[in-house]
Every structure is written in structure tokens, then in C-alpha cells.
């Protein structure tokens, strides 16, 4: 382990084999907490390569829980977090809109590390049981078309890494890894990151992980979602090719809002915001959700443009389909 950390300290990249070996040792309890923290910091300072990120993702997925389900076209819209925006739970709210639009959503998420309320926190406040067994979660998914997978329970091996992450309290390669290690074999994905310089490389990792179609999104002001406060950049993975583009609210015929307009609060406050959006109450929260759900519909390939996706998202919310999915999840995942 010492040699690996010294190599990273010299800003030398690790091979896929080296990274695989290191992570296998970590997730089987053979590395100290201090060494894990040093590794995470060294990787962050050097900059993580697609090869390193793919290796760690494959190891972590290999140690994940298996969710038995009859659904084979699941999608997730989990982001990396760590953007310090303190926004409401955008992707969690958008997940219900996507599910209401007919997409099988297996929302993967965790408690907050660097914000006030993570996806697990807000859903727990809404009465969702975070601790169902994998077989029970599979049944929920089959019945409702939506399920929440609590990352802490899905990845028991993460217990070896979590203390170092919490002690560091800053985004690391594990933030970048979380959305890549979904327990299910996803076909499509919308993945938000707070570092736009990693758009293309993250799309490459998704390709390596077998995604058929995906979008990696980096919003304005470091937001790990699409934003109405400036230019949003995306990388689209389609037919094995990666293309980069960007858009503004004006491009989509939408009104712009400042970051402070979408600030959230604690889990209970964010739960109230989520409910207000699904009830179609006009606000910057609603508009931001519509934007991100629209991007999700496009990432899934359900429609042919982000603008069409935004229109579909509005219809789904207005018809009560998104709220209906929340009520279903509250009924079955309890």
C-alpha cells in the first residue's frame, strides 16, 4: 500500500490491475483507515483517470448486493453530490417524474455527507423504508416500477471506506464512484457531477460499465444537476460514441433562476418541497425539477430532445402521475 500511495504522490497513474488490487484489499478489511484516507487524498490531488475509476467501480459492483427483479431496463439518475450547493433534492424529485412517465426508476442514493439532506434522508422523511432486504426491494420494483436502493445497505463493503470519507469531509473518488456502482445492470443513466472537466471521462467510464445510453451533466456554478442559473454542459453516450454539448434555459424556452432560489433545507423541509413539486405548485423548484426530468427522459431515449423531455415532464406532473408514483412507493416500500 505504501508503494501505491508514493506512486500517486508523484502524480503517476495506477494501472487497472493496480487499482483493482488496492480496492480488493480495502473492501476485504486489509487496509488501515489512515491508508485509505491517504489514498483518497492522493487520487484527488493527482486526478482520477477513467481506467482507475472503472477498476474501482467494477470491484465495488462485484461486492454489491443482488436485487432479484423481472425488470431489465432500469434507469438511475443519481449524482455525485459534493457540490456544496445546498439545493433541494433535485434528482430524487425528478426520479418520481421519470417513473410517472413510464421509466423503470431504481433510485440509488445515500445519506448526506456534504449537504443538509441526501436522497436517503428526504425519502426517509417521507416514510420510505431504507432497510428492506434485497428480495423485498425487487418485489417493490416489480410492483411499482420505482424503488429506492440505500447505498449503505447495497454496498456492505463500503463500511471499510466510509469512516475515512466522513473524517475527510470533502468530495473524493468515492463521490465519483457512487453513481457508477448501481447494484442492477442499468441500461440507461443520467449522472450529475460537480466537476465539468470530468464530463467526457465519466461518460467513458459509463461506456466501460456497459451503459447503452447515458448523459453526464454538469450544471452552472458547480451544480451536479442541470441548472436554470446559467449554462449546463452534458456528455451524451449513444451507440458507443460520446459527444459534448451545452444549453441554457433560454435555449429551452425556460425562465432563468438564481442558485439561491433553489436552496433546500433539512430532510423534512426538502420533503415538503418535493411534495409541492409533485403537486404542481409553481416555483423555481418545480421548474428545476421539470428541467432535470426532461433531461432524464432524453438520457433514457424516450424522446428525441431535451425540449420534448421538458414538455413531457410538465404533462406527467400536471396529470398527477409523478405524485402517484410517490404514493405507490410509500405504500410498498414501508
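Quick reminder: no glycine exception, Cβ is built from N, Cα and C everywhere.
What you see is a predicted model, and the numbers here were worked out from it, not measured in a lab.
Copied over from Swiss-Prot, here are the features:
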- 79, 110: anthranilate 1 binding site (BINDING)
- 79, 82-83, 87, 89-92, 107-115, 119: 5-phospho-alpha-D-ribose 1-diphosphate binding site (BINDING)
- 91, 225: Mg(2+) 1 binding site (BINDING)
- 165: anthranilate 2 binding site (BINDING)
- 224, 225: Mg(2+) 2 binding site (BINDING)
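Proximity to residue 108 (5-phospho-alpha-D-ribose 1-diphosphate binding site), judged by a C-alpha distance within 10 Å, picks out 79 from the binding-site residues 79, 165, 224, 225. Each of the binding-site residues 108, 111, 165 was assessed for Cβ neighbours inside 10 Å, and the highest tally belongs to 108. In sequence order, 224 are the binding-site residues from 87, 111, 224 with a C-alpha within 10 Å of the C-alpha of residue 79 (anthranilate 1 binding site). Recorded residues residue 165 (anthranilate 2 binding site) and residue 111 (5-phospho-alpha-D-ribose 1-diphosphate binding site) have their alpha carbons 13 Å apart, per Cα-Cα distance. Between the CA atoms of residue 224 (Mg(2+) 2 binding site) and residue 87 (5-phospho-alpha-D-ribose 1-diphosphate binding site) there is a gap of 10 Å, rounded to the nearest whole number. If you take the Cα of residue 87 (5-phospho-alpha-D-ribose 1-diphosphate binding site) and the Cα of residue 110 (anthranilate 1 binding site), they are about 16 angstrom apart, rounded to a whole number. Here residue 225 (Mg(2+) 1 binding site) is compared against the binding-site residues 91, 110, 111, and the shortest C-alpha distance is to 91. Taking Cβ-Cβ distances under 8 Å and a sequence separation of 6 or more, the neighbours of residue 110 (anthranilate 1 binding site) in its chain are 118, 119, 120, 150, 151, 152, 178.
Cβ environment of residue 91 (5-phospho-alpha-D-ribose 1-diphosphate binding site): 77, 78, 79, 107, 109, 119, 190, 192, 225, 292 lie under 8 Å away, each six or more residues apart in the same chain. The 10 Å shell around the Cβ of residue 225 (Mg(2+) 1 binding site) contains 28 further Cβ atoms across the protein chains shown.
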